[in-house]
Amino acid sequence: MLSVLRLLFNPLLRLARNKDVLDHNAGGKARMEGRGAAAAAVEQAPVLPRRESRRLPDFLHSVNIKYVKLGYHYLITHLLALLLIPLMVVILLEAAQTDPDDLRQLWLHLQYNLVSVLVCSAFLVFGATVYIMTRPRPVYLVDYACYRPPPKLQVPFQRFMKHSQLSGEFNESSLEFQRRILERSGLGQETCLPSALHYIPPRPSMAYAREEAEDVMFGALDTLFRNTGVKPKDVGILVVNCSLFNPTPSLSAMIVNRYKLRGNIKSFNLGGMGCSAGVISIDLARDLLQVHRSTYAIVVSTENITQNWYFGNRKSMLIPNCLFRVGAAAVLLSNRTADRRRAKYKLVHVVRTHRGADDKAFRCVYQEQDEAGKVGVSLSKELMAIAGEALKINITTLGPLVLPISEQLLFFAILVAKKLFNGKVKPYIPDFKLAFDHFCIHAGGRAVIDELEKNLQLRPEHVEASRMTLHRFGNTSSSSIWYEVAYTEAKGRMRKGHRVWQIAFGSGFKCNSAVWQALRSVKPSPDGPWEDCIHRYPVEIVDGFPQPPQEQ
């Protein structure tokens, strides 16, 4: 028994003796790095004018410690597993160094001590049972598919402006405003609108809206089922999100009817949740997969434009006309262990931030009638500032889950120092490039991508997928983050172990993040959205204008 005690406590005593030395060295290094980073920040920090109410706020000015605590709370929930793994490693190392005579004596002792054997066995069985019962089931992304609209639905700028003029619904000021927005939007000449808006005058009827929904959802699902070989009857969970079109029967019921899904399927239809609803749907599907064993879940993310085109002259409502385009994505998730071998990604984290308790945030993206009674979605002038606040909260919570321990310690130490010295210490914004290999920022518009690139200190290659998705497909709402993942795959950049950060914003106001890890070097699936055009990308975009390719 004495040898068992030595086996357990000797490594702990050695760790305790070395703690002071390690802390001293780590503290000195952190102080030197902190002073160097602070000096570099002072030398390089540009002096900006104070009039950025319509832009994302500078994250260096304020970080709320309560959201840091929330992130660390998520971390602490898995603390037992994090502590047991190194403890077991230390015990095994110590056992390897133990004298064979001590091990022989321990074996002889246990042979004649049935109580000790039973207690140890019960402890091991209990611990293994608790671990197996409480650990979350892994969720795998088997594959996904994005809808690729046919060329006949493309709307070059000239056609867009001509149809807007011929419709007779817009005055000269509104037409000029739309022209300026289009030119600087970052959209290309191949984005698509539904067939109802190609008529003169447009036909925003319920029949055409249903036709648009069927085209995009069934187009993506047909490709998904064809590529994966999964039978529709094997799907046990269905989650559909579409913010502005919610007919009866629902969109999820349309899918159940089309593919003859089984009668006990758990189906959900999310509406009114904006462009971040795709991540919300993934989160809902993940929770359901924790309850229902050995099944598939399908998430369909789309938006419907046909009945939500604005035919008025209020400028804050005209912006969605210029940015939103046709698109949809269908994602196949699984909690089956056997699917790990063929899955593309594993879901690592989902972090959701909701600012709906704040009145300005609640109304910054708001569907309403204008003075003439025409319905549209109004975008507030404070939208960028509100989005920045939601993003700041989201990444502050996400940081402890994904950042290297060195970044976490430096960030937390400077944050505590800032609280102690009444804000005189400049906050440190962690380098998320150390945590992620690919960034899929919702392609909501050029300004959103520009501001996130600046505030997160990203390089142009980190936002390339977002810019090119906006250029080729426009703002496809909640499905845009999947077009961006598809772009990265089509470029052959997704390697085993790479981490992908999907981040999206939506009405309410919400900012949601999903983190995925590639289980293999991922190649694009057949019939992908970039299959016919990836060779032309990336294109250079300067101030929203695509530049012609340079001659060699």
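Positions of Cβ are set from backbone N, Cα and C atoms, glycine also.
In TrEMBL, annotation is done automatically, which means it is predicted and not curated.
Remember, it's a predicted structure, so these values are computed and weren't measured experimentally.
Per TrEMBL, transmembrane segment is recorded for 72-93, 114-133. Residues or ranges marked as domain 'FAE' by TrEMBL: 131-420. The active site annotation in TrEMBL covers CYS275, HIS354, HIS438, HIS442, HIS471, ASN475. If you look up TrEMBL, you'll see 437-517 marked as domain 'Beta-ketoacyl-[acyl-carrier-protein] synthase III C-terminal'.
Shown on the structure are the features that TrEMBL records.
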residue	record	contacts (Cβ under 8 Å, 6+ apart)
CYS275	active site	SER243, GLU303, HIS442, GLY444, ASN475, SER477, SER478, SER480, ALA504, PHE505, GLY506, SER507
HIS354	active site	GLY508, PHE509, LYS510
HIS438	active site	HIS462, ALA465, VAL485, THR488, ARG493, MET494, HIS498, ARG499, VAL500, TRP501
Around HIS442 (active site), how many other CB atoms lie within 10 A of its CB? 32
Within 10 Å of the Cβ of ASN475 (active site), how many other Cβ atoms can be counted across all chains shown? 25
Considering every residue in the domain 'Beta-ketoacyl-[acyl-carrier-protein] synthase III C-terminal' (437-517), what is the mean pLDDT value? 95
Residues in the domain 'Beta-ketoacyl-[acyl-carrier-protein] synthase III C-terminal' (437-517) grouped by DSSP into helix, strand and remaining coil: 37 helix, 21 strand, 23 coil
